[in-house]
Amino acid sequence: MATNGDVENQRPSADTEETPLLSEDNGNVQGQATDEQAQPWRYLSYSLTALLGLIAIGIIVVFVRGWIDAGSDVNFDFKKALTKALGGGLSGAAAMVLQVLLLMPLRTIMNYQYRYGTSFSAASVTLYSSGGLGRYYDGIGAALIQGPVSRFGDTAANAGILALLQSNSYLKDLPVLIKTIFASLCAAAFRMILTPVDTLKTTLQVQGAGGTALLRGRIRKHGVGTLWWGAFATAGATFVGHYPWFATYNMLSEAIKEPPKEQILLWLLRLAFIGFAASLVSDCVSNSLRVVKTYRQVNETQVSYSKNHSTRSVEVFSDMEPAKAAKLVIEGDGVAGLFGRGLPTRIVCNGLQGLLFSILWKLFLDSLESRKGV
């Protein structure tokens, strides 16, 4: 007969590198939470949803009122606006292809940290030991689709919306920080469409070669809709990441006068500084949402942002209550885990990406516009 000690020895170590943040054992313990304990989080979620709804209504009212007040005083050149949007989008996509190829290893390490909460060095060693250098490039195919296409949407939205607002005598005088909100909303909606590609890329990065089988198993069990797990967190993270990035970029672009291109070093230095500053602000604001999004996307079982447990540990799934998922992350890894997990890696990675993107995007955009005479 096995002793208690034997049973204990047969149990796996609780804190290995591959141990999920919210393991099944932790989930069962957390499943004992009562409805009374969940009630404050439910109220917080409802309050946040109502607040976001009011903000959205306010933005729509301002936008519609602007076009009504402008009346016939609208000098909107659809072809020019479309050309600017396409030019901005294509140059952004081209810049993103180079960034994906150069920075893929850092992004793989970062997503692994988001999922398992390890240090940079531990994540690097674990990934390398499980597949060598090639392990850092798992998901490269999906990344080469998702990265450029999503960046096309981001930059096209920014360039197109700014051109649209500039054509309106009432809205063109809005502060650049307000104008950027409209572009960020468009970019967030576009990213939701691309969630399946992002899910495939992130799962392969975190789970390696077994990620495809994991997704197939999820689809068989829960349906094709599982590819959109994390869609609302993706939209939220996109808006919370896109708005600070482009708001900072647009604001600094206006504030710091562009030097002549003959002074190439100064010209590049300005773009590099603007890009790095924009990425730093964006990363610090949006990191917690990306932790929640990544955990949900790459998990083998359905982990919702909202989690209510009965005595039989029945899950209630919802994409509308990220506060409860944040609560689970905090219970497992503390507040620092929610806001700081993978953040140093993200700052370095996105700082380099922002620096490269700012320069490459501007170079490609200027080249396209000079050819088209925009």
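Along the chain as shown, residues are numbered 1 onward.
Every residue gets a Cβ built from N, Cα and C, even glycine.
TrEMBL annotations: computationally assigned, not manually curated.
Since the structure is predicted, the reported quantities are computational estimates derived from the model, not experimental observations.
Listed ranges 226-245, 346-365; the one TrEMBL annotates as transmembrane segment is 226-245. With DSSP states grouped into helix (H, G, I), strand (E, B) and coil, the repeat 'Solcar' (175-255) comes out at 76 helix, 0 strand, 5 coil.
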